[in-house]
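*Asks:* Before I ask anything, let me first share the structure, which is written out below as structure tokens.
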Amino acid sequence: MSINDVFCGTQFEGVTFFAKNNIQHLNMVGEDTFWSSMEQNNSLSKMRGNETWNAHLLKPELPRHQMIVHMSIEILLILLTCCGNIVVLISIWLRRSLQTVNNMFLASLSLADLIMGTFASPLSVYILYMVPIVYGSHIQDKWLCTCRYFAICMSVAPSLFSLSGIAIDRYIAVVYPIKYRETVTRTWAVIYLIFSWIYCTIGSAMLFYKNMISFDDPGDFCRTRMVMHPDFSIIVKAHLGVLFLICSISHITIAFIAYKRKNAVATELNVTNSDIMVQTYKRQKRITRTMTLICGVFVLCWLPWVIMSLISLDDYPMWWKSLFYFTVELSFAGSAVNPWIYAYRHRTLRKAMLNVLKCKYKRLTASEVIASS
């Protein structure tokens, strides 16, 4: 099979490409002229089962130059996400003294972000940008699209579970400080995280069941509103909504209680006059602020995409489509930003990350972690 056969619409290894017989002609006459002539002549079509699928129905939503801009942004985010989160995971893995309950949740969140950078984002770049830029149209590959959404679910869902675990951890630390060490243990954190990842894996694997992802119309391509089964979409949104509420309500409650008890805590610390209690309080306060910042960044990065996804229009204008792509990139950006938040807010982790970058693997003691946290 020659490459021309593939370009002309032949099915090759389950991937259907819709392209022009002469690719060079597309660049010569321009996209608008090409697609106009295609609609008039209806000269490019192929048989998929018993149906005729026309290439012009899968014409890209955005002009070529805009797709190149969006693709460049996502590739940059992929590089930042992979580099930053790999350094974080190596730092925590090599430094046993950094393997605290708080950092276990951070490691889980970092692993979820790494999945976004290594699988979800690259698949999105290939499906949504590279293929239409090279071949002039989108493709309808069910399994490739399913793998993309599986990777996205395996990143977003564990991230929300990790953030929910962080919220619960901070809630107990602020509301029940005396019982915190007895309640929140490493064993509890490990069980919670293992359950979360298993649950997310099983739920995400349901995407491969029957017609959870399907191309029902000739113009459908790998977008949630076009290919995902409505029932599964509702289940996913319900899970994400519950976890989002847990994170939001917990951190709002934490902020309210911390502000309300600020004067009482200050008075108690002055009465006891204990340096250990003062240091412990400052450390817990700093950790709480860091975790709240991480959750806040996650919400800010994903909220624009959520809002735009809930809005349904009969005909989406070009500026709306381009803006929607930017909201997708903003949601991916959270995975690239998180490692720098860890480094900025956690001095010991910052030192460990710098040592990893310099290939220096000096083991830090537990006392050094406590002193610099």
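For all residues, glycine too, the Cβ spot is worked out from N, Cα and C.
Found this in TrEMBL, in case it helps:
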TRANSMEM  67-94  transmembrane segment
DOMAIN    84-342  domain 'G-protein coupled receptors family 1 profile'
TRANSMEM  106-129  transmembrane segment
TRANSMEM  149-168  transmembrane segment
TRANSMEM  189-209  transmembrane segment
TRANSMEM  234-259  transmembrane segment
TRANSMEM  291-311  transmembrane segment
TRANSMEM  323-344  transmembrane segment
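Can you tell me where each of these features sits in this structure?
*Replies:* Sequence-distant contacts of the transmembrane segment (67-94) (same chain, at least 6 residues past either end, Cβ-Cβ under 8 Å): 60, 103, 106-107, 110-111, 113-114, 116-118, 121-122, 124-125, 128-130, 132-133, 322, 325-326, 329, 332-333, 335-336, 338-340, 342, 349, 352-353, 355-357, 361, 363.
Residues 67-68, 70-71, 74-75, 77-78, 81-82, 85-86, 88-89, 92-93, 138-139, 141, 144-145, 147-148, 151-152, 154-156, 158-159, 161-163, 165-166, 193, 196-197, 221-222, 294, 328, 332, 334-336, 338-339, 342 of the same chain, all 6+ positions outside the transmembrane segment (106-129), place their C-beta atoms under 8 angstroms from a C-beta of that stretch.
Beyond its flanks by at least six residues, the transmembrane segment (234-259) meets 153, 156-157, 160-161, 163-164, 166-168, 170-171, 174-175, 203, 285, 288, 291-292, 295-296, 298-299 of its own chain at Cβ-Cβ distances under 8 Å.
Same-chain neighbours of the transmembrane segment (323-344): 62, 66, 70, 73-74, 77, 80-81, 84-85, 87-88, 106, 109-110, 112-114, 116-117, 120-121, 124, 155, 290, 293-294, 297-298, 301-302, 304-305, 308, 316, 350, 353, counting only residues six or more beyond its ends whose CB sits under 8 Å from a CB of the stretch.
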*Asks:* Against which stretches of its own chain does the transmembrane segment (149-168) lie, if we need a Cβ under 8 Å and a gap of at least six residues from its ends?
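*Replies:* Distant contacts of the transmembrane segment (149-168): 102, 105-106, 108-109, 111-113, 115-116, 119-120, 123-124, 189, 192-193, 196-197, 199-201, 203-205, 207-208, 213, 224, 228, 236, 239-240, 243-244, 246-247, 250-251, 254, 291, 294-295, 298, 335.
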